[in-house]
Amino acid sequence: MTTRQPLYKSLYVQVIIAITIGILLGHYYPETGVALKPLGDGFVKLIKMVIAPIIFCTVVSGIAGMQSMKSVGKTGGYALLYFEIVSTIALIIGLVVVNVVKPGAGMHIDVSTLNASSVAAYAAAGAQQTTVGFLLNVIPNTVVGAFANGDILQVLMFSVLFGFALHRLGSYGKPLLDMIDRFAHVMFNIINMIMKLAPIGAFGAMAFTIGQYGVGSLVQLGYLMACFYITCLLFVLVVLGGICRAHGFSVLKLIRYIREELLIVLGTSSSESALPRMLAKMERLGAKKSVVGLVIPTGYSFNLDGTSIYLTMAAVFIAQATDTTMDITHQITLLLVLLVASKGAAGVTGSGFIVLAATLSAVGHLPVAGLALILGIDRFMSEARALTNLVGNAVATVVVAKWVKEMDNDKLASELASGGAPLVDARPTDDLGVAEGPAR
């Protein structure tokens with residue numbers, strides 16, 4: 001009989017307590033809250049430090065260990081098809097909701113009175129983003145540069161090529177594959193150590209957010225925030241819930257299964273902070289390593305459902321607030337531009353805002369200076385974006401794994417039914433689904 005873990009040792013409980021204390025401290029002692037920003041930044045940097053090698057090990061191990069290379073192409077094709085369909089639905093839902101609710105109507109903002117200097121950096125970066133530029137940026141100048149910069153797509157591309165090459169070596173490459181598997185264990189053990197600091201990181205990030213922006217300053221733009229949060233919630237429950245139901249599992253049970261990762265994202269506002277744990281969690285759920293290694297990292301650029309909702313809502317909100325007319329032609333143009341622009345949202349720093357700036361510039365009809373209207377609340381909306389993105393990628397992994405018949409359905413059912421035990425040891429699993437021992 002297993003002994004139940006004490007409540008105070010649960011990462012889930014620790015992060016909830018840390019976020020609550022951070023909110024209270026930021027509200028009552030804002031200067032102290034702002035000063036705690038390095039705690040959140042430091043935690044996110046620690047996570048980012050090991051993301052590139054973990055993706056490399058997971059993808060290479062998954063691809064090189066597969067029997068047939070055809071299955072890799074099949075998995076990638078199905079994943080991209082799923083990403084395109086679901087993210088397009090997210091864009092359309094955001095567009096419909098903002099047109100029905102009209103959160104910016106009646107503000108009558110004069111564009112000439114806005115402080116455009118506050119968004120100049122975002123606008124300049126956005127103007128440089130092109131489809132061709134984005135595609136070329138996927139190819140790293142050097143392998144070392146891809147890992148040094150922590151560019152997920154560049155690391156992913158090299159990892160896929162490396163995995164294919166290692167697979168072609170057959171038994172000759174087996175010692176190298178074993179070494180990569182052992183190196184992965186070291187990386188996941190580092191993650192285990194870093195995750196013990198998650199409550200501290202969440203505390204510092206939340207204290208800074210509330211201390212810097214306050215709660216009272218949100219009243220004027222609270223309507224847009226409320227609409228966005230409700231839309232994201234409905235998208236998860238209705239759209240993603242419908243997809244889950246059609247594939248034989250519950251989105252609510254899946255959310256319960258990844259609750260610790262969701263709380264980490266809530267505290268840090270960075271979905272990247274949960275990426276290493278998501279790789280381990282989805283594999284433990286029953287998805288094959290090769291599927292998890294392709295779908296999760298790729299989804300961080302191509303399956304950003306929360307960001308897609310945000311982009312259409314924010315763009316039309318700016319038009320409404322500045323009394324800029326947007327007829328059906330303008331809105332279709334906006335949608336078509338975002339279908340391309342949103343796919344590179346994770347490839348740049350300050351991604352959501354830069355992609356939004358690029359979109360406003362490309363459409364031409366909307367004032368880029370209008371970004372100043374939502375600059376102050378963007379940080380508060382980032383939590384909903386990140387949470388929706390994370391749930392979306394979890395659903396995508398299960399669905400794609402089912403499509404390519406690389407999902408252990410019995411394991412999926414049992415893990416979701418049990419709610420998933422806390423991920424004490426975030427290491428990759430062996431073929432039997434049992435965490436392997438440390439390398440000796």
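Backbone N, Cα and C define each Cβ position, glycine as well.
When Swiss-Prot is compared with the stretches 15-35, 120-140, the one noted as transmembrane segment is 15-35. Across the candidate stretches 46-66, 78-98, 190-210, 224-244, the maximum count of CB pairs under 8 A to the transmembrane segment (15-35) is reached by 190-210. Highlighted: of the candidate stretches 46-66, 224-244, 291-311, 46-66 has the greatest count of Cβ pairs under 8 Å to the transmembrane segment (190-210). Remote same-chain residues near the transmembrane segment (146-166) are listed as 48, 51-53, 55-56, 59-64, 69, 72, 137-140, 173, 176-177, 293-294, 297-298, 300-301, 346-347 (criterion: CB distance under 8 Å, separation of at least six residues from the stretch ends). Counting residues 6+ beyond its ends, the transmembrane segment (78-98) has Cβ neighbours under 8 Å at 227, 231, 234-235, 239-240, 243, 294-295, 298-299, 302-306, 308-313, 316-317, 320, 331, 334-335, 338-339, 342-343, 392, 396, 399-400, 403-404 in the same chain. Cβ atoms under 8 Å from those of the transmembrane segment (291-311) belong to residues 55, 58-59, 61-63, 72, 75-76, 79-80, 82-84, 86-88, 90-91, 93-94, 152-153, 155-156, 159-160, 228, 231-232, 235, 240, 271-272, 275, 278-279, 282-283, 338, 341-347, 351-352, 355-356, 359, 381, 384-389, 391-393, 396-397, 400-401, 404, 406-407 of the same chain, restricted to positions at least 6 beyond its ends.
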